[in-house]
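These notes are about the structure you will find just below.
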Amino acid sequence: MTPILFIDRDGTLIEEPSDFQIDAYEKLRFVPQVIPALLKLRDAGYQFVIVTNQDGLGSDSYPRASFDGPNELMLQIFESQGITFRDVLIDCSWPQDNAPTRKPGIGLMTAYLQDRSIDWARSGMVGDRITDLQFAENLNIRGFQLRTEQFGGEWDWPGIAHALADAPRIAVVQRDTKETKIRVELDLDRAGDARIDTGLPFFDHMLEQIGKHGGFALDIQAEGDLHIDEHHTIEDTGLALGQALREALGDKRGIGRYGFTLPMDETLASAALDFSGRPYFVFEGEFKRERVGDMPTELVPHFFRSLCDASGLNLNLQVRGDNDHHKVEACFKALARALRPALARQGTALPTTKGAL
C-alpha cells in the first residue's frame, strides 16, 4: 500500500503573496526546505497530490492564463529535482459558494477514497490554514499546519518529513511517587541539546552525557525529596529513563547490540549492552570517595541497575582508574557511546532469530 501526502499549494509549497494570487512569474517563491523534505518523503515511499483552493480561478479577476504559467513553472522545477505529483486538484469556487469540492470539503477526493491501494494510516495533509487541518480531519488522516506569519502553525518542512518518514521513536514518561516527580522526554532519531534538571548538578552533568554522546534529544525534569536523601531522585530517574527507552524503541526492528570502550585520562571504562528484553546489570569498579559533587558514588551502579530494569537492557559496565570523578563520568559516556550505534536503525530486521525482543 502507498501513503499519500496531500499538499496545499499557496503558502505551503510556494510562498503566498499579500494579494493571495500567484498570477505572475515574479511572485513564484518556494517555501524554505520544501524540496529536501519532499525528496526525503519520496524516498520513504510517499506519493504527492496537490489540493488547492483558487478563489474564482478562470474569472476576469483571476484569468486562467495568469495562473497556468507560474503553476507549470513550479511543477517543472519540482520535476527537475526529482519530485513529481500524482495529481493536481484545483477548486475554482468562491468561499461563499460553499462548494463540496472546496477545502475543507472532500468532494475532490472521491476517486482516492475508493482506491484500496492507499495506505491511509500513513497518509497526511500539509497546509498553512485551519481549513487544511479540517480537510485532514474529514479524511481521517494526520494534518500538519505549516508555520506562517499569516496564519500561525507549528510545523516546518524538516519537522514534517521527520515525523512522517522516520516514524520517529519518541517517548514521554511521567513517573510520580510520594517521593519524586520525574518527567522524561526523548527522541531517538533527533540529535539535540540535553535539557536536564534534577536538583543535583553533578548528576545533571552525567545525564547530559547520555543525550550528547548517545546522539539523541533528551529532556529530564525531576523533583525529589532531596532534603531527605538523593536516593529516590537518582533511582526514579533511572527507572523513568529506562521506561522511556523501552517505549521509544518499540519492537526494536533494525537496532544493533554494541559495546564501547572509552578512555578519559588515566581512566578506562567499557560498556557492552544488549536490548534483549532481559534486564541484567554487571558492574566492575570501585570508588574511593563517598560522593562526587552532590552524587553519592554508591548510587552510580544503582542508577544503571534501575535503568536496566526499566528498559530491559543487559549491561556489562567496567571501569578502572584513579580519579573518581573521571571514573563516574567515563561510565556515563561509555554507556552513551555504546547506545549510539545500538539505537541506530539499519534496515527493518529484528536482531534475533526468536522473532521478538
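Each residue, glycine too, has its Cβ placed from N, Cα and C.
Here Swiss-Prot flags ASP8 as active site, nucleophile. Feature annotation from Swiss-Prot assigns active site, proton donor to ASP10; the stated evidence is sequence analysis. Residues or ranges marked as Mg(2+) binding site by Swiss-Prot on the basis of sequence analysis: ASP8, ASP10, ASP128. According to Swiss-Prot, the region 'Histidinol-phosphatase' annotation covers 1-168. Annotated region 'Imidazoleglycerol-phosphate dehydratase' per Swiss-Prot: 169-357, in sequence order, evidence recorded as sequence analysis.
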Can you list, in sequence order, the residues of the same chain other than ASP8, ASP10, ASP128 whose CB lies within 8 Å of the CB centroid of the Mg(2+) site? ARG9, GLY11, THR12, LEU13, GLU16, THR52, GLY127, ARG129, ASP132, LEU146
Counting across all protein chains shown, how many other Cβ atoms sit within 10 Å of the Cβ of ASP8 (active site, nucleophile)? 23
If you measure between the CA atoms of ASP8 (active site, nucleophile) and ASP128 (Mg(2+) binding site) and round to the nearest Å, you get 7
Near the Cβ of ASP128 (Mg(2+) binding site), how many other Cβ atoms are there if near means within 10 Å? 26
Once the chains shown are all counted, how many other Cβ atoms turn up within 10 Å of the Cβ of the residue listed as 'active site, proton donor'? 20
Kindly assign ASP8 (active site, nucleophile) to one of the three DSSP-derived states: helix, strand or coil. coil
Between the Cα atoms of ASP10 (active site, proton donor) and ASP128 (Mg(2+) binding site), what distance do you get, rounded to the nearest Å? 8
Mean of the pLDDT scores, which run from 0 to 100, over the region 'Histidinol-phosphatase' (1-168): 93
